[in-house]
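Taken verbatim from Swiss-Prot:
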type: BINDING; residues: Gly94, 97-98, Thr102, 104-107, 122-130, Gly134; note: 5-phospho-alpha-D-ribose 1-diphosphate binding site
type: BINDING; residues: Gly94, Asn125; note: anthranilate 1 binding site
type: BINDING; residues: Ser106, Glu239; note: Mg(2+) 1 binding site
type: BINDING; residues: Arg180; note: anthranilate 2 binding site
type: BINDING; residues: Asp238, Glu239; note: Mg(2+) 2 binding site
Amino acid sequence: MAWEHLRVTDTPTWPSILGRLTTGQNLGTGQAAWAMDQIMTGTATPAQIAGFAVAMKLKRPTSAEVTELADVMLKHARRIPTDVIGNETVDIVGTGGDGANTVNLSTMAAIVVAAAGVPVMKHGNRAASSLSGGADTLEALGVRIDLGPEQVAASVAEVGIGFAFANQFHPSYKHASAVRRELGVPTVFNLLGPLTNPARPRAGLIGCAWAELAEVMAGVFASRNSSVLVVHGDDGLDELTTTTTSTIWRVQAGTVERLTFDPAAFGFQRAHLSELVGGDAEYNAAEVRAVLGGAKGAVRDAVVLNAAGALVAHAGLSSDAKWVPAWEAGLARATETIDSGAAEKLLARWVRFTQKL
């Protein structure tokens, strides 16, 4: 680990780290890794964890700091065997914390992308602030979410999609998650979920609820040589929105390019945020069934848009992918996948497969 190479005189302490953060100073190399290791091993106290989580968010973390946090978390995670599924899979996940209580757009988009033939390795959790997170909704649909590493890999290999339930794969994170729940406000830990997929997929459509931190996340993905679209709806959503424009940080070949994206340019009607609002797990599961069953409207539009975004990100693994043609192809594929019934069939197959395990 980075912190293991610190000189003896530089050995971090909580007062030195919290002192730097609370005076707005960036941490030195290895200090964020040391702090995260203390948290993941259960050495840090709840007060130290809370102080670190809030102070880091207020200071505004750098990509280097967040990379250290994510790398330590992955070091402690249960690994999904990528010799079975490779790493050219795609994740579709957001930070949460946008407060909008929308239906589970990324979950629906993930099913559509998998049905379009691109392997999906989704990482997710129960709701932190909304009524129903991706895990809650999948459970209501009948997908087993408590699978271990080999079972998740088998699901990707057999069905084309797998779900890594964060609690199952990051057992050492329990020390931080209890504090996070008690705090009830966004912290630096909100950024870590999308950055710590235990299968380390190389492609992703990653939503960030905070525009000022989206670029930080993009920097982490750039250092991993990923092909990722980090997206922030200009209405505050941690998804590609259909109510207005979105800002996209396009990560490809180690570079980050910031773009403004207007779905109207591809023929999408402006939606009202109220049309995208969800409810509890049963309500959101019913929305999934309706959209995959062909129901038209604002939710379907948002699902098609986000599924296309993930297809564009995956296409970006090939260096010759062109932006507008990739979007046109992605939107056509996402639409066809729903209209042909392929997405609906894939969900049914996924439920059957996981229930047999």
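Each Cβ is built from the backbone N, Cα and C atoms, and glycine gets one as well.
Since this is a predicted model, take the numbers as computed values, not measurements.
The structure, with features from Swiss-Prot marked on it.
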residue	record	DSSP (3 states)
Gly94	5-phospho-alpha-D-ribose 1-diphosphate binding site	strand
Thr102	5-phospho-alpha-D-ribose 1-diphosphate binding site	strand
His123	5-phospho-alpha-D-ribose 1-diphosphate binding site	strand
Arg180	anthranilate 2 binding site	helix
Asp238	Mg(2+) 2 binding site	coil
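In this view, the densest Cβ surroundings among the binding-site residues His123, Arg126, Arg180 belong to His123, judged by other Cβ atoms lying within 10 Å. Proximity of Asp238 (Mg(2+) 2 binding site) to non-local residues of its own chain (separation of 6 or more, Cβ distance below 8 Å) is seen for Gly94, Thr95, Gly96, Gly97, Asp98, Gly207, Cys208, Ala209, Val231, His232, given in sequence order.
Ranked by how many other Cβ atoms sit within 10 Å of their Cβ, the binding-site residues Thr102, Ser106, Asn125 place Asn125 at the bottom. Cβ contacts within 10 Å of Glu239 (Mg(2+) 1 binding site), excluding its own Cβ and spanning all protein chains shown: 29. Of Asn125, Arg180, Glu239, all annotated as binding-site residues, the residue with the shortest Cα distance to Thr102 (5-phospho-alpha-D-ribose 1-diphosphate binding site) is Glu239.
Within 10 Å of Glu239 (Mg(2+) 1 binding site), counting CA to CA, the binding-site residues Ser106, His123, Asn125, Arg126, Arg180 contribute Ser106.
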